[in-house]
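Enquirer: Below is a structure I'd like to ask you about.
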Amino acid sequence: MAAAVRCLLTVAVVLAPLLAGGGVAAGGPLSTGFYSKRCPSVQGIVRAGMASAVAAERRMGASILRMFFHDCFVNGCDASVLLDDTPTFTGEKNAGPNANSVRGYEVIDAIKAQVEAACNATVSCADILALAARDAVNLLGGPTWTVYLGRRDALTASQSDANANLPGPGSSLATLISMFGNKGLSPRDMTALSGAHTVGKARCATFRDRIRSDANINATFASLRQQTCPQAGGDGNLAPIDAQTPEAFDNAYYQNLMSRQGLFHSDQELFNGGLQDALVRKYSGNAGMFAADFAKAMVRMGAISPLTGAQGEVRLNCRKVN
């Protein structure tokens with residue numbers, strides 16, 4: 001299973017046509033060689049930084065991947081999620097889906113410092129996050145892909161947009177299809193990208209209702225999760241999203257869904273007598289298909305409404321505008 005995924009580590013997904021219609025801003029296209037002359041070492045620097053972070057804590061790989069999702073789904077892949085609040089500015093970090101949840105900002109800070117030392121004022125925080133997410137997946141045993149570059153960093157952020165645009169753990173299948181569709185992503189993309197839940201941990205508050213109220217849940221699994229997620233209190237208690245292989249990027253997530261062991265209500269919606277059941281079955285039995293589809297979907301997601309050309313800026317510090 002995991003070995004089948006690892007066999008795809010050298011897959012390079014080059015999908016230029018996607019960038020013609022996948023939400024790319026009019027300011028100009030992203031490209032694979034954007035920093036080839038101005039900062040040729042950037043990919044190696046990001047990879048080394050992520051390798052160090054994942055070696056110290058494998059969960060950090062999942063956290064950085066999630067951070068990229070939460071960036072791209074709120075006004076595009078523009079590093080707006082990285083901006084700190086100030087007395088005159090309210091950013092996205094304390095939005096409902098992000099507060100006490102999105103983590104790993106210090107990892108991006110450390111990588112950014114290394115990149116700045118090598119190539120001052122050249123590489124955007126948005127591109128660093130896109131590269132870091134790709135490397136996070138690969139370092140956990142998942143596929144790799146070609147990251148298109150040339151994003152610029154947002155000058156602002158929106159807490160209200162973060163609250164409105166990020167699907168919650170109680171979402172229905174129809175809501176998931178609609179919210180991903182609003183970003184130019186297909187139901188197949190959505191089902192593949194949901195496989196990111198093969199790694200990482202979740203807070204009790206996000207799955208308490210699922211393990212106590214949902215009928216389509218394995219009773220033994222529900223009882224197990226109830227042991228560390230009480231009916232009241234313990235909101236921050238953590239549980240692995242994928243109980244089988246919580247630190248390996250593989251297709252076990254889909255096998256969990258087929259045995260009614262999806263941790264979130266939104267997870268189990270992918271396999272609950274609906275339109276995505278057949279695809280879940282395919283991914284469950286074909287790790288290579290999942291890995292390839294996940295890589296393609298990540299390229300599509302990374303092309304959501306980037307700032308390019310003269311738009312935005314290249315931040316010197318990812319936490320604040322220049």
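Cβ atoms here come from the backbone N, Cα and C positions, even for glycine.
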Enquirer: Regarding the disulphide bond with C39, report which of C72, C77, C119 TrEMBL records as its partner.
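Expert: Among C72, C77, C119, the record in TrEMBL lists C119 as the disulfide partner of C39.
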Enquirer: Candidates are C72, C77, C125. Which one does TrEMBL pair with C318 through a disulfide bond?
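Expert: If we follow TrEMBL, the cysteine bonded to C318 turns out to be C125.
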Enquirer: Average pLDDT across the domain 'Plant heme peroxidase family profile' (29-322)?
Expert: 97
Enquirer: Provide the number of Cβ atoms within 10 Å of the Cβ of C125 (disulfide bond), excluding the reference atom itself.
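Expert: A 10 Å sphere around the Cβ of C125 (disulfide bond) contains 30 other Cβ atoms.
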Enquirer: Of the recorded positions R66, C125, D250, which sits closest to C72 (disulfide bond) by Cα distance?
Expert: R66
Enquirer: Give the distance between the Cα atoms of C318 (disulfide bond) and P167 (substrate binding site), rounded to the nearest whole Å.
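Expert: With distance taken Cα to Cα, P167 (substrate binding site) is 25 Å from C318 (disulfide bond).
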Enquirer: Near the Cβ of C318 (disulfide bond), how many other Cβ atoms are there if near means within 10 Å?
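Expert: The answer is 22 other Cβ atoms.
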